[in-house]
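A.B. asks: Here it is: the structure, laid out below.
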């Protein structure tokens with residue numbers, strides 16, 4: 001196996017051990033880390049220059065003279081007055097258009113003009129809804145009158161009339177109905193718990209293991 005293929009490369013040229021630790025060990029032809037830091041530094045310096053230039057211009061005499069000239073000329077006041085007059089004119093135009101539509105609808109309802117189209121009615125309804133939303137809420141509509149009772153308008157045909165007969169009752173004896181019954185059974189006796197065989201004393205346990213038990217003897221000796 002060629003272990004040199006695992007070493008760092010600069011393009012197609014492998015870096016040997018005498019290059020490790022110096023500036024040649026960059027991992028490629030372009031140092032991306034250095035490029036990013038340079039771009040960040042350039043952006044920071046550009047923003048700092050723009051901020052300083054704008055700050056100096058705002059605090060300069062030229063800017064103060066321009067601002068004072070605009071205030072003395074009354075341009076801002078004229079623009080505000082013009083905006084207010086334009087808004088008032090638009091409101092008057094909308095009110096006049098609504099009055100004209102109402103007058104036209106009244107004439108058409110009285111028959112003085114042709115019937116109103118569906119588009120005109122829809123536009124008028126939307127205008128009234130907008131006016132009601134801006135002003136007072138509309139009055140509640142009156143309850144509709146009750147409908148008259150339905151009256152048949154045709155006579156019945158004898159051939160199509162069917163006679164209603166009473167239900168037929170049979171004289172046969174009634175069939176007994178099976179009623180389910182339940183048997184009373186005694187509950188099952190409780191289960192007895194079997195006692196587990198427990199060994200007795202330790203001597204009996206030893207007897208079961210060895211078969212002969214442990215022989216003990218007491219002997220008194222004098223010295």
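Cβ coordinates are placed from backbone N, Cα and C, and glycine is handled just like the others.
Got these off Swiss-Prot a minute ago, pasting:
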- 189-198: compositional bias 'Basic residues' (COMPBIAS)
- 29-53: region 'Amphipathic alpha-helix essential for membrane lytic activity' (REGION)
- 31-52: region 'Involved in endosomal membrane lysis' (REGION)
- 47-73: region 'Interaction with hexon protein' (REGION)
- 136-155: region 'Disordered' (REGION)
- 166-203: region 'Disordered' (REGION)
- 206-212: region 'Interaction with hexon protein' (REGION)
- 213-223: region 'Binds to importin alpha/beta, involved in hexon nuclear import' (REGION)
- 66-75: motif 'Nuclear export signal' (MOTIF)
- 204-215: motif 'Nuclear export signal' (MOTIF)
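Looking at the shown structure, can you explain where the listed features end up?
C.D. replies: Long-range contacts of the region 'Amphipathic alpha-helix essential for membrane lytic activity' (29-53) within its own chain (CB-CB distance under 8 A, at least 6 residues past either end) are made by residues 10-11.
Summed and averaged per residue, pLDDT over the motif 'Nuclear export signal' (66-75) gives 76.
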A.B. asks: Could you put numbers on the helix, strand and coil content of the motif 'Nuclear export signal' (66-75), residue by residue per DSSP?
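C.D. replies: Split into helix, strand and coil, the motif 'Nuclear export signal' (66-75) gives 9 helix, 0 strand, 1 coil.
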A.B. asks: According to DSSP, how is the region 'Amphipathic alpha-helix essential for membrane lytic activity' (29-53) divided among helix, strand and coil residues?
C.D. replies: 22 helix, 0 strand, 3 coil
